Amino acid sequence: TTCSSLNSSLHLDTALKEASTDYLKNTPCREKCGDSGEEICLGAGETGPIQIQGGLAEFQKMVELKTGYFSGLVYLTYACHCGLGGSGYPADETDWCCFYHDCCYDRLEIRDCGTLLGLPYHFTKQGNEIICSSNQDPCQRQLCQCDKVAADCFARNLQTFKFPYIFYSNERCRGKTPSCSFLHSLVV
């Protein structure tokens, strides 16, 4: 069994190195988590829901749980819309997932909800389903829902993930950037 605790010290270069080798599939294990809320614990071979709570790692862990092997950090430099910002027409279906995720975050910003690092949230995983906790404030629930929709989208489109799109130069992103205005129901 391989154990890896995820916290703010996990670097992108480590995640990318692991993603580009044969170590794409991690076996989750049970570790004692500290009280800081920074680490993520998973039970291997256990039944019942897996409770997730933490600081910066919620979205990353959600992506890992839904895709089975891709670290959420791998998507930080993927194609034209994954990571911060974005421009041009999305490169593939995976990049469209990131575009929709950015639009969802934009809607949260308009509602004065913090995103990214400033708003931890809670979710559970039961079977293959991510469930955002209803016992948190509306901004936390909506941020969780944005991340859930993106993680589900990544899982549906794993076949489009292309390693050459990691560290893709924004200068290569061409075409008109779509508008978020046609998206009406990303945030529940």
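In case you wondered, yes, glycine gets a Cβ from its N, Cα and C as well.
Sequence annotations record features per position, and here TrEMBL assigns domain 'Phospholipase A2-like central' to 55-174. Here the domain 'Phospholipase A2-like central' (55-174) is broken down by DSSP into helix, strand and coil counts: 62 helix, 11 strand, 47 coil.
What TrEMBL lists as disulfide bond is CYS82-CYS98 (among others). Within 10 Å of the C-beta of CYS98 (disulfide bond) there are 23 other C-beta atoms, taking all protein chains into account.
In the structure as shown, the Cβ atom of GLY85 (Ca(2+) binding site) sits within 10 Å of 9 other Cβ atoms. The feature Ca(2+) binding site is assigned by TrEMBL to GLY83, GLY85, ASP102.
Around CYS153 (disulfide bond), the C-beta neighbours below 8 angstroms that are at least 6 residues distant in the chain are TRP96, CYS97, TYR100, HIS101. Sequence annotations record features per position, and here TrEMBL assigns disulfide bond to CYS97-CYS153 (among others).
Around HIS101 (active site), taking its Cβ as the centre, 23 other Cβ atoms fall within 10 Å, counting all chains. The active site feature in TrEMBL is assigned to HIS101 (among others).
Marked as disulfide bond by TrEMBL: CYS103-CYS180 (among others). Classification of CYS180 (disulfide bond) by DSSP places it within a helix. Remark: CYS180 (disulfide bond) has ASP102, CYS103, ASP106, ARG107 as non-local neighbours, by Cβ distance under 8 Å and separation of at least 6 in sequence.
When Cβ atoms from all protein chains are considered, those within 10 Å of CYS146 (disulfide bond) total 27, not counting its own. According to TrEMBL, the disulfide bond annotation covers CYS104-CYS146 (among others).
Residues or ranges marked as disulfide bond by TrEMBL: CYS113-CYS139 (among others). Within the same chain, residues at least six positions away from CYS113 (disulfide bond) with a Cβ under 8 Å of its Cβ are LEU119, PRO138, CYS139, GLN142, LEU143.
Among the features that TrEMBL reports, disulfide bond is placed at CYS132-CYS144 (among others). Other C-beta atoms found within 10 angstroms of the C-beta of CYS144 (disulfide bond) number 25, with every protein chain shown included.
Annotation comment: TrEMBL describes ASP147 (among others) as active site.
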Next item on the list: Compare the C-alpha of CYS132 (disulfide bond) with the C-alpha of each of the recorded positions GLY83, GLY85, ASP147, and give the closest one.
Entry: ASP147
Note to self: Neighbour count first, Cβ atoms within 10 Å, every protein chain included; then name which of ASP102, ASP147 tops the list of recorded positions.
What the structure shows: ASP147
Checklist line | Entry from the disulfide-bonded residues list CYS97, CYS103 having the most other CB atoms no farther than 10 A | finding: CYS97
Checklist line | C-beta crowding around CYS139 (disulfide bond), within 10 angstroms | finding: 17
